[in-house]
Amino acid sequence: MIETTKHDNSSRELIAFRIGEQEFCVDIMSVREIRGWAPATVLPKSPPYVRGVINLRGAILPIVDLAARLGFQPPEPTVRHVIMVAQVGTQVVGLLVDAVSDILSVTDDAIKPTPDVASDMAKTFVRGVLAIEGRMISLIALDNVLPALEPIAA
């Protein structure tokens with residue numbers, strides 16, 4: 001575990017994960033569980049970033065391919081991929097990522113604003129950037145991952 005905390009009340013824990021060669025993170029309090037990839041049932045007329053749905057202990061869980069949602073070329077999922085079950089806005093969804101790597105403990109001042117040269121689309125999904133031990137890790141704004149007015153399941 002990487003410790004970058006100060007002794008104040010503005011620290012938080014983030015869970016870091018990989019999509020391709022890029023590293024991202026989300027607030028650990030948003031993540032309910034991490035599970036291995038399970039094939040999803042495709043829903044007709046779904047947005048391209050929705051892989052489908054899976055049965056998670058009797059609940060229907062939509063799977064969002066985070067690579068596709070962030071504008072990357074999504075690979076075909078394998079047994080090495082993982083699903084982070086997370087609270088996204090008012091919904092619980094599965095976020096398909098390549099791998100989970102770390103739990104980071106950081107202070108709020110370690111999270112730098114998204115650079116002005118980034119596109120508006122990037123700023124929509126990236127809340128800030130952390131530089132930790134030579135790594136650049138983008139903090140994902142989970143509330144913006146799903147469009148507010150677009151249903152993800154029929």
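Each Cβ is built from the backbone N, Cα and C atoms, and glycine gets one as well.
Annotations in TrEMBL come from automatic prediction, not curation.
Sequence annotations record features per position, and here TrEMBL assigns domain 'CheW-like' to 11-151.
The residues of the domain 'CheW-like' (11-151), classed with DSSP into helix (H, G, I), strand (E, B) and coil, number 19 helix, 73 strand, 49 coil. Within the model, the domain 'CheW-like' (11-151) carries an average pLDDT of 89.
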